[in-house]
Amino acid sequence: MDVGNTVSADVAGATEEGVSLEPVGATGTVARSEAAGTPERTGAPVAAAEPEAGDVPETAVEEGRGRPANPVALLLSWSGEKRSWYVASVLLAVIGVAGSIVPYFAVGQMIAGVLAQTRDFAFYLGWCGIAAAGYLIYIICHNASTTLSHKATFATISKVRRRLADKLTRVPMGYVLDTPSGKLKNIMVEKVDSIETTLAHVVPEMTSNLLVPIAVIVFMFTLDWRMALIALVTLPIGFICYMGMMRDYASWYEKTVQAGEEMSAASVEYVGGIEVIKAFGQSASSYEKFSNAVTRYARSFIDWMHHCQIFQDGGLAIWPATLVTVLPAGCFFVMEGTLDPATFVMVAVLSLGIFPPLYAAMSFIDSLAQIGTVVEQITGILDVPEQRRATSPAATDGTRIELENVRFSYGREEVVHGIDLTIEPNSVTAFVGPSGSGKSTLARLIAGFWDASSGAVRIGGVSVNDMPPSQLMDLVSFVEQDNYLFDDTVMENIRMGKPGASDSEVIEVAKQSGCYEFIESLEHGFETVVGGSGGHLSGGERQRIAIARAMLKSAPIVILDEATAYTDPENEAVIEAAVGKLVAGKTLIVIAHRLSTITDADSIVVVADGRIEAQGTHGELLATCPLYAHMYEAHIDAKDAA
Ligand SMILES: Nc1ncnc2c1ncn2[C@@H]1O[C@H](COP(=O)(O)OP(=O)(O)OP(=O)(O)O)[C@@H](O)[C@H]1O
């Protein structure tokens, strides 16, 4: 048992935001809590994605829900048609094992020949040839077996990744947005990768490493049952040591994983807050929370290893010491005349072959524990309830938006309490209200990022659940304060709004959205790669590219999470002009933070504590809604003071 392997595999996954301290693994707790955070499904059937050719049906995943009882079996069920490769790989491994026993047998025969004073050189040469042939069979079969299982494993992990990526398109978009991208990436890339070596080796090698000693033991029994039994004396003693090592395994494991999680969390915090830490002149060692977490993690490891040490040393010393019993007993039987020297030598040689493969097989237990945690995380994502969506487009009647008694909860807490609302086509509607009142949640429900827990959200008379995602996406553009830009060229980032749009179309919307000048001033113009999340651009520039993208998409409904970030007046004016062009002739829903910008809206919806407090024009609300009047006053005062 290699404590180090097991624990490092599991604690590393606690790392959030992609700051990975260890190469693989994660605790299932994280995955479970993520899944728990998603809203309840409302029970209607889910539009299943087209299965990939050769994929196993979804039921295979169903079987694996929760903590998989047998993660390897679950992974193999995901391997689809490649399962036959694994079967072939095991068969080759078994043939290889048979070949690997041959040299032992040949050596035994040759020693017997020496003892019998056989002077025929061809006899020894023949057995040498047989030993070499056995070894050759072993090498060829072993290589073919691992090659096949590696190929099957690469195909399997590619299927797992595609299954995960596919799943993300079917879960509520809010789930993806709310889950730290580092965490999802960590599971899809590093953790899935970490399965590869183990899965590729465990299937053929664990099988063969368990079969070798069994075959050797059976063969020894055919030679002399007494000697076979004597050769096995160290086995149970070794097992007792192993059991001692496994005593309290769960609590040691849990303790160490927890310490690892704490260290990972402290590391993430340390990296995230590095600016503040530097500003206050602290270093890694002086940042107490981090250094304590690191020390606790190391301590938990060392304590566990101390606990295991004596048992591990005992097991390692006793288990392979088969000759301690075989030699004296064999000598005794030979002197007694009940055992011929050749059999004695053969059993002695064979007994040396029992332990190494068994030990190798045991070492896979660590790797299996690691696979278990990774598979649990994968199923944690695959378990996330999917959105109910139709598969074929529905016929809509215009673009009127209707919310009927809409309720919504994040997890257990209801944050939208039975909202009724109608938004007319080509109107401008503003959602206003205190922070946390539910404005963004309402907007996201309309955009279909989340599904309402109950009630209905309809566009053009059709529930968003009865439209395929592509139809809903064609109807709604969601422009947020910080829209994601891909690590691609400006041209491609804008084109994402309408795949297939020509370069000139892209350039035209860039002009309309006020991006053209700054894009042209970039080093490679429209071919400039904007960097991960658009990091090479300013907030205002990213916002304008996002507006250009939405303009190109030209959806009839635009939801705008009004930016408060771009405060410099020049940028603000450009963006406001761009937004004006974006929404011309469209339905605009704006989540308004600066009330002075929405006084001309056709309808202002005041949201408070997940309910609609009031609705009307600016003038009406000033007169009838104290909350609105108060918010407006406060905004104007703050503006004047600025
Ligand atoms: N992903 C989430 N998980 C759990 N709770 C959430 C989540 N997003 C929002 N909430 C909670 O739901 C409530 C409504 O949040 P929402 O973001 O819709 O409010 P808001 O009016 O848009 O706020 P703000 O003006 O500050 O953006 C708040 O209590 C918030 O804490």
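Cβ coordinates come from backbone N, Cα and C, glycine included.
What TrEMBL lists as compositional bias 'Low complexity' is 43-58.
As annotated by TrEMBL, domain 'ABC transmembrane type-1' applies to 87-370.
Model confidence over the domain 'ABC transporter' (401-634) is summarised by a mean pLDDT of 84. The feature domain 'ABC transporter' is assigned by TrEMBL to 401-634.
According to TrEMBL, the region 'Disordered' annotation covers 1-65.
Residues or ranges marked as transmembrane segment by TrEMBL: 85-106 (among others). Through the fold, the transmembrane segment (85-106) approaches residues 76, 79, 127-128, 130-142, 144-146, 148-149, 151-152, 155, 203-205, 207-208, 211-212, 215-216, 219, 346, 349-350, 353 of its own chain, all at least 6 residues removed from its boundaries and within a Cβ separation under 8 Å.
If you look up TrEMBL, you'll see 121-141 (among others) marked as transmembrane segment. Outside the transmembrane segment (121-141), and at least 6 residues removed from its termini, the chain residues within Cβ reach (under 8 Å) are 92-93, 95-103, 105-107, 109-110, 113.
Same-chain residues lying 6+ beyond the ends of the transmembrane segment (198-221) with a Cβ under 8 Å from its Cβ atoms: 72, 75-76, 86, 89-90, 92-94, 96-98, 100-101, 104-105, 142, 145-146, 148-150, 152-153, 156-157, 227-228, 231-232, 347, 350-351, 353-355, 357-358, 360-361, 364, 367-368, 370-371. TrEMBL lists 198-221 (among others) with the feature transmembrane segment.
According to TrEMBL, the transmembrane segment annotation covers 227-245 (among others). A Cβ distance under 8 Å defines the sequence-distant neighbours of the transmembrane segment (227-245), meaning residues of its chain 6+ beyond its ends; these are 1, 217, 220-221, 308, 310-312, 314-315, 318-322, 324-326, 329-330, 333, 339, 343-344, 347, 350-351, 354, 362.
Summarising the annotation, TrEMBL assigns transmembrane segment to 316-335 (among others). Within its own chain, the transmembrane segment (316-335) has Cβ neighbours under 8 Å at 224, 226-227, 230-231, 233-235, 237-238, 241, 341, 344, 347-348, 351-352, 354-356, 358-359, counting only residues six or more beyond its boundaries.
Long-range neighbours of the transmembrane segment (341-361) within the same chain, counting only residues 6 or more positions beyond its ends whose Cβ lies under 8 Å from a Cβ of the stretch, are 101, 104-105, 107-109, 111-112, 115-116, 205-206, 208-210, 212-213, 216-217, 219-220, 223-224, 227-228, 231-232, 235, 319-320, 322-323, 326-327, 330-331, 333-334. The transmembrane segment feature in TrEMBL is assigned to 341-361 (among others).
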